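Inspection log for the structure reproduced underneath, given as C-alpha cells.
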C-alpha cells in the first residue's frame, strides 16, 4: 500500500461526520493518528509479505543468456550422445577450450580472435576418444586424453607434442589433482598416476590403486584443496576418499544403520564447492541432486538440510558458482516411457529433508519425507540449464537452450561463462551465467596516510 493510499484510508476512517470526532478535537486527532499508524503498519506488512527473494548482483537471475557464440562439435562415430563415459569438452585455466570433432582434438582460445587449431588426431587402433581433461593452475598447458581401448596420452599444448603415453585396462573417467592423474575404470578401480615419475614404465609400477566400487566409474571430482576425491559409479553409489587413505571416508546418510551415499540412478555429475571445500553435489540420470557435507567426524547424517532436489530430467553436469552462492545443473532428455495403464506420478521438483528416515520409517522403504514444494516454474527441466540458490535450493532461473539434450558443460576460467556441448545439434554453445563478484576496495588507513 502506498503512502497516498495510507493517508486516504486514514481520513476516510475518521470523517468529520463521526460523532465526537470533529476536526480540531483531541478525540479526532488521537483517532486519526491511530488509524494512520495502523494503515502504515499494514502497508509495511503487506509489502514485506509480497516481496520476492533477493539475489546478489552476480546472480544468474540477472546474467544467464545465450551469447550466440557457437563452434562445430561432434562425437566419435561409435560414441553414444549421452554416454556417461564421455567428457569431450574441457577448458584450461587460460581459457583455452578443447573439444572433439570425431577422433580429432581441437582447441580455441575463447578470449582472443585466434582461429581454431588442431592438437592431434587419434589413430583408429587407439580406439575412440572418450575423455579430454585439462591440467590445473600448476600445469595450464597440459591436456590428458583417454580412449575406449584404455590408452592415455599427455600432451603439451604449447609445443603440440605428446609427452607421455601408456595403456591401462579401461578409462571411463579422469581428473587431475596437481601432477597426479586420477583414472576410473570399467570395473570400479581407481588409479592415481604421478606423472612426475619417469620413465612411464616406472610410473605405472608405482601407481596407487583403490578399490571399493562394484561397477563402472562414471564420474570423478577432487575438491579445491586437493585433499578429498569423490567418485560415482553406474549403480548410483558415491564414495569420498581422503587422498592419503586406501579406504573411503565414512560419510553419507543412514541406510540400514550404515552411512551410504546412494542415488536411484547412475551417477552422471559430481561437483565440489569452491568456497566451502567439503560441500559436495552429486547428480544422476534420474534427475536427482544430493548435497553432502563431507566431514567424516560427524556422527549424524552427512546429508545437507535441505539436501535433495528431484528435477525429473537427467543431470548431465553440475557447477557451483565461484561468484555467488548458487548451483547450476544442466539436463538431457528423459528416455521415452513405456506404455502405462495408470497415469505416471507427477514430476514436479521437490526438496526433501535428509536423515528423516532415521526418525520415521515408511511402510515400504526408508523414504525421506518432503518439505512443502519450493517455488518452481511449471516448466520441464529437460534440455535446459537450471540454477538453484544455496542453501535453500530455491529455484533461481531456468534457460532452455536448443531443445536438444545437453551432454556436458564446463565453466570458463573466471566462472562467468558456461560452455555446453549439444551433440544432436553438432554445436558447442557459450552462455553468460554469472557476473564477476565485485571486490571491496580497501580504504587507506588514517594512520597510513598521516604517519611516516
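Cβ atoms here come from the backbone N, Cα and C positions, even for glycine.
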Can you check which of 278-326, 327-375 TrEMBL lists as region 'Disordered'? 327-375
Close approaches to the repeat 'WD' (260-295) from elsewhere in its chain (Cβ under 8 angstroms; 6 or more beyond its ends): 84, 218-225, 227-228, 230-240, 249, 251-254, 302-304, 306-320, 322, 325, 327, 329, 331, 334, 347, 354, 381, 388, 390, 393, 415
Over the span of the repeat 'WD' (210-242), count residues by DSSP class, listing helix, strand and coil in order. 0 helix, 20 strand, 13 coil
